Amino acid sequence: MTRSFFVGGNWKLNPTSLSAAKALVEALNKADLDPSTEVVVAPPALYLLPIQEIAGKAVKVAAQNAYFKESGAFTGEISPKQISDAGIPYVILGHSERRTLFHETSEVVALKTRAALDNGLKVILCIGETLKEREEGRTAAVCEEQLSAVVKQLKEEDWSNIVIAYEPVWAIGTGKVATTSQAQETHVDVRKYLATAVSPKVASETRVIYGGSVNAANSKDLASQQDIDGFLVGGASLKPEFVDIINARKA
């Protein structure tokens, strides 16, 4: 089975006006995008519905976070049921900024993943190691630990609705990027773990994408790797070069 290429744009807490957010999507709507690449953008929560309304057929929308409860006294949270009801197909979970700034554990990420799937959402599941963990040779172990909590919550058939985003924490927003071989090696390790922990079928069919200072200059080389199925892009998704990243596999 050929895994379709996937490029997501995580806007984080940007831009600071709805007009600017709409302009980003309108530019994508007009762009010549590779039709074989699945394109998803994740605007701030306030902009989800207006962006969903104007996004063309080639652009899907993702929430940046969701809670693991469907409703209740959880001030400030958004439930997966609400996201699904709004017609938003994707949600990003486990991003390193959520893990570090908001102290989300792998177990919490796993609960959120289960809740999102139960409500019909597709999940962009983020994993990745810190610079210290990489220097200690623990990259594979850290990624496996983060994945193992999710594996415990999922059935084999659930994985068809998961995209794994490997994002080394030391490369996010720093301008540093994992070398092509470093990224490919970790993606292979992720597949080896999935083959053992879930099944060879899931390991073969699950898309594993790379994130961490991806830009137009390095995207083609990264996209040429056998086990890199796309990108989760941060800052560059707010710039015109995002189109070039989407088209990284285009001849």
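Here the Cβ of each residue, glycine as well, is placed from N, Cα and C on the backbone.
Under the DSSP three-state reduction, ASN10 (substrate binding site) is assigned to strand. Residues annotated as substrate binding site in Swiss-Prot: ASN10, LYS12.
According to Swiss-Prot, the feature active site, electrophile maps to HIS95, an assignment based on similarity to another entry. Of all Cβ atoms in the protein chains displayed, 29 besides its own lie within 10 Å of the Cβ of HIS95 (active site, electrophile).
Taken from Swiss-Prot, the feature active site, proton acceptor covers GLU167, and the record attributes it to similarity to another entry. Remark: GLU167 (active site, proton acceptor) has HIS95, SER96, CYS126, ILE127, GLY128, TYR210, GLY211, GLY212, LEU232 as non-local neighbours, by Cβ distance under 8 Å and separation of at least 6 in sequence.
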(request) Identify which of the binding-site residues ASN10, LYS12 has its Cβ surrounded by the largest number of other Cβ atoms within 10 Å, counting every protein chain shown. (result) ASN10
